[in-house]
Amino acid sequence: MVVQMSVERTGRPAGESHVILPYAVIIGMMGAGKTRVGKEVAHMLGLPFADADVEIEREVGMKIPAYFERFGEPAFREVERDLILDMLEDFDGVFSLGGGAPMTPAVQKALALYIERGGKVVYLMADPAEAMERANRGGGRPMLNGDADARWKKLYKERDPVFQRVANAHVRTRGLTPQMAARKVMDMLAERTVHVTGSTIEPYDVAIGEGVMNHLADVLGPKPVRVALIHTQPVQRHSDRARTLLRQAGYEVSDIVIPDAERGKTVDVANGIWERLGDEGFTRSDAIVGLGGGAATDLAGFIAATWMRGVRYVNCPTSLLAMVDASTGGKTGVNTAAGKNLVGSFYTPAGVLADVKTLATLPNDIFTEGLGEVAKSGFIMDTEILRILEEHADELRAFDGANFLGSGLQDVVAELIERTVSVKAKHVSADLKEAGMREFLNYGHTMGHAIEKLEHFRWRHGNAVAVGMVYVAELACLLGYIDADLVDYHRSLLSSLGLPISWNNGSFDDVLALMHKDKKARGNTLRFVVLDRPGHVVHLENPPADAVREAFERISR
Ligand SMILES: NC(=O)c1ccc[n+]([C@@H]2O[C@H](COP(=O)([O-])OP(=O)(O)OC[C@H]3O[C@@H](n4cnc5c(N)ncnc54)[C@H](O)[C@@H]3O)[C@@H](O)[C@H]2O)c1
Ligand SMILES: O=C(O)C(=O)C[C@@H](O)[C@H](O)[C@H](O)COP(=O)(O)O
């Protein structure tokens, strides 16, 4: 069964033949260096460069200050808007926008569409002092008339949050020459970025690619003095690299090794870390880095959420599952005797760096487990993911970290990560605290969490979710939401990836009791997420007891 794509992908497509115009759009404050850096980037790429302000002057036949004086700002913004909208459709090069352009709603809309087509909007984040000094040089900026520094600061306050939101790549340039900044932009352009935003979310990026861990200090920013690097022992090699990067950037690093996997996701471990942070004088402006699989990033996020009621944190996921799911979205927490993830908080990271280099040491079975959550995102929204999984099932099942980097599979995996994170970002952006739509990400988890608990967390999370998806597909079929072919498709796809599709190591009564403790349950009412067609899910409330049992019988044979 090959399913049809149902949603447009975001991010730069790999190996797709259609051209995205322009190659990159650069935005930033006056004096950020958009023109200098943009020209360097265009030169490095061998592409033309265009500056919106220069194009406008050509079009209106006069200098911008003169146009402002004669016709006023609103008229200028209209000309600017029309020119930018045209250039976004047909300029094949590096395009830098005027400082105020992204404040125009129609430009924001056009940039969002451009990003959806796979474009990169780069926010050149200059150090304010450096940018103000450059902006004042030479004059000729009507928006800075009067007290130029005070005007610049006021505009920065208004514009920075908007620029953060409309860009999908953020490049800090403090202390860099235009050439160095351009090289940084080039690195960013080679990466895939998923932007997470929303009305209740401080926007952040998930950067996906080889070497993205190098952005660690940029994402942490200048405020922290101390950084706690929380990781497990099996990822020591990667945490060594992170520690070096952090020390080079001038942070005092506390290396905190936690017990591996679910053994690290406990209140006792959290308590040990809180004591250590206290002993080492961690303040509210210090920060946490969580590095490792999903268990490590869940715990690190929980520490960040709770220490002094919340400090900055960055996730560096190193397992496939942590890259595609656990590190993004801000669900942090620990397991308790009562069950999986029952204690925690929604607390958003400042950024996520999914460095695919780290997958080179990932064992095959842990990689495979991550495919469970990848497939979930395909079933619930982006059916193109299912098609890619089908097409590459043999190579994915045979994943070998030692031969992964530089192989054809690397690009396939990067695309699966980007698509899966995009699905997650859409749900999280709309519903951070899981009041409705975010629950769809829990497809297969009601039964999955019960299996994990009954297996004393020795079953891997993604494997339990795979069985949970077959269970809930059976339930949906029994209740007439989907047909038996789609249930069979769950089994054939998941098993072709090396994931389990049945479980018979516990009683129905035990499973049922645990499903009642699931976070989606309300009072005595069981609630599930079920498919009604590929790529589309709905809530199922209080299903008939005999169907809940019969679906269990079907997966435990
Ligand atoms: N917060 C969320 O939204 C969310 C989403 C999905 C899953 N999770 C949680 O994530 C956890 C599962 O994550 P996981 O599958 O990564 O398991 P895990 O964290 O237990 O990691 C699996 C194992 O792989 C090791 N490992 C990780 N990266 C490695 C690498 N590059 N090289 C060698 N070894 C490596 C880990 O040390 C561990 O031994 C569960 O606790 C689950 O509840 C959370
Ligand atoms: O981000 C979410 O929301 C999810 O439900 C993603 C799940 O894949 C993930 O396993 C999550 O940890 C489950 O959360 P829980 O709230 O059901 O414990």
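The count begins at 1 with the first shown residue.
Keep in mind that glycine also has a Cβ here, set from the backbone N, Cα and C atoms.
What TrEMBL records for this protein:
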type	residues	note
BINDING	Gly31, Ala32, Gly33, Lys34, Thr35, Arg36, Arg141	ATP binding site
BINDING	Thr35	Mg(2+) binding site
BINDING	Asp53, Arg77, Gly99, Arg159	substrate binding site
BINDING	260-265, 294-298, 318-319, Lys331, Lys340, 358-361	NAD(+) binding site
BINDING	Glu373, His445, His461	Zn(2+) binding site
DOMAIN	256-367	domain '3-dehydroquinate synthase N-terminal'
DOMAIN	370-521	domain '3-dehydroquinate synthase C-terminal'
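Cβ contacts within 10 Å of Asp53 (substrate binding site), excluding its own Cβ and spanning all protein chains shown: 19.
When the Cα of Asp260 (NAD(+) binding site) is compared against those of the binding-site residues Gly31, Asp53, Arg77, His461, the shortest separation belongs to His461. Thr35 (ATP binding site) sits 10 Å from Asp53 (substrate binding site), counting Cα to Cα. Taking DSSP states H, G and I as helix and E and B as strand, the domain '3-dehydroquinate synthase N-terminal' (256-367) has 50 helix, 34 strand, 28 coil. The shortest Cα-Cα distance between Arg77 (substrate binding site) and any of the binding-site residues Ala32, Arg36, Arg263, Gly294, His445 is the one to Ala32. With a cut-off of 6 Å between Cβ and the nearest atom of ligand 2, the binding-site residues Gly31, Gly99, Thr297, Ser319, His445 reduce to His445.
The two recorded residues, His461 (Zn(2+) binding site) and Lys34 (ATP binding site), have Cα atoms 45 Å apart. In sequence order, Gly99 are the binding-site residues from Asp53, Gly99, Gly294, Thr358, Glu373, His445 with a C-alpha within 10 Å of the C-alpha of Ala32 (ATP binding site). Around the Cβ of Ser319 (NAD(+) binding site), 29 further Cβ atoms fall within 10 Å across all displayed protein chains. Residues near Gly294 (NAD(+) binding site) in space but far in sequence (CB under 8 A, at least 6 apart, same chain), listed by position: Pro317, Ser319, Leu321, Ala322, Asp325, Ala326, Ser327, His461. With respect to their backbone Cα atoms, Arg263 (NAD(+) binding site) and Gly99 (substrate binding site) stand 50 Å from each other. The binding residues for ATP are recorded as Gly31, Ala32, Gly33, Lys34, Thr35, Arg36, Arg141; their greatest pairwise CA distance is 17 Å. Among the binding-site residues Gly33, Arg36, Thr297, Thr358, His445, the residues whose Cβ lies under 6 Å from any atom of ligand 1 are, in sequence order, Thr358. Each of the binding-site residues Asp260, Glu373 was scored by how many other Cβ atoms lie within 10 Å of its Cβ, and the smallest score goes to Asp260.
In this structure the alpha carbons, written CA, of Gly99 (substrate binding site) and Gly31 (ATP binding site) are 9 Å apart.
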